[in-house]
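This report concerns only the one structure given below.
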């Protein structure tokens, strides 16, 4: 089919096909390029290798949360607890490694297990108790944050062991470890969502739960796995974040779900499920990263940045809805 | 021995009893019409066969095997397929993704990672569409962009791709144009000739009388009548559906329809 189009010589269509094959929306790529160009003009510091690594480093935490958001949202679900679970995980990991004095590896495992456990509870409540995902994960947003404050006594748990520090601050080949872990995670997640049965079933459930059920997919079990995965990824984000700042901070990840969900939606994830790609989400996450980095370089107050992110989320959903309605009219 | 044998199937939703002990048997290569008024329990009965609903009481034998405890995926593997009235398609996914949903072929990347063999899916999907003598704009487009008849084609292709033994069709002709209705009826005859059993649920009694071997009338959650199609007529079927009495008016109306 692609050869037909290529022989017809319509360059725009060729491009569209190749971009679609990569599961990316061309528009979001253009926005990223345009935004970077604007920032480059406005700030002389923007276009430098070290700033590029800065953007990636700042994006790594949000990016991993955005991967989690993509899986859950494209299955027709929602996880509002991402930021809080990330905060809880960092505190649990620090508590295990510092207060309990356990070996580093246990700290690492504790981070991810704490996140997975919170996500698993979300999944159980949603699929067995039939409480809507919106309510369950909103409740978990409060629960996880509160628990993080209880465990840490409201204080930062400072001074992580060396191995955990390395995961946040090490720089093999000059590249920050969080960036490496982020890129590897994103690649693996992309392959899972785009090329495995698990990924296809995720999209199918988000597209039509009845169709998925009729096809013999165990919908509830699949959803439980997705929420657990989402929590585990939030745990990984919590690990990288606390390792970077060398402490378990109970307020880490505050409002991060806002940015993560925005990144996923900008990347072309359908808010109501059925469509989503990790590559697209990565572009969305980079857009958020560039936006924040640029506004930082321009010394814009963080209050305004928060407003900008909220506005971008609404704008992205508006554009998506507008396009969907336009297509369905044809 | 029957291919499918239901005995004493009961199903209720909360306080509402829908099925009060239904018996039904279908032989291989037999086309059975299932008719009944709205609310008679036709769809519920079919969903207890596919496993979407679990019967409260009774037994279901398929090919001599008790399938009551199996989930929908396992029953599909045994050869029970259903084409739902709403088609149950994933509208944002393409043709082959729908046909192979839940049964995607796997290949091992580097002999290790199990990835979905999309190329094989596309190839087999195209072959199946061709075998059905159907035409689709493109098998790479999302099925939500297709017309009703084209979506029906995808749903039928999905039901036939894995060599079923029993195909249940829920109102397959309700939303189709006249010519498309004929091609669905032809398809049912072809399935019969290949030894595949079909249960046809339809309000269009003309279609049912034209294509079935037997007609089972469901009324108030019970199998009210089991009629050989060649020995019955519109009048009898209609009167059994509504429950006797003077049915001349209703029957002549249906005959005209």
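For all residues, glycine too, the Cβ spot is worked out from N, Cα and C.
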A:173-195, A:196-218 - the one TrEMBL records as transmembrane segment: A:173-195
Which range of A:79-103, A:129-153 is transmembrane segment, per TrEMBL: A:129-153
Cβ pairs under 8 Å between the transmembrane segment (A:173-195) and the transmembrane segment (A:26-46), at least three: no
Cβ contacts under 8 Å made by the transmembrane segment (A:52-73) with residues that lie 6+ beyond its boundaries: 79, 82-83, 86, 133, 175-176, 178-179, 181-182, 185-186, 189, 193, 202, 206, 226-227, 229-231, 233-234, 236-237, 240-241, 244, 253, 256-257, 259-261, 263-265, 267, 269-271, 273, 276-278, 281-282, 284-286, 288-290, 292-293
Within-chain partners of the transmembrane segment (A:225-242) [C-beta distance under 8 Å, separation at least 6 from its ends]: 60-62, 64-65, 67-69, 71-72, 75, 77, 79, 81-83, 85-91, 93-94, 108, 111-120, 122-123, 126, 160, 164, 167-168, 177-178, 181-182, 185, 198, 202, 248-249, 252-253, 256
Folded-back contacts onto the transmembrane segment (A:279-297), same chain, C-beta under 8 angstroms, at least six residues removed: 22-25, 28-29, 31-32, 35-36, 38-39, 42-43, 45-46, 51, 54-56, 58-59, 62-63, 66-67, 69-70, 186, 190, 259-260, 262-269, 304-305, 308-309, 312
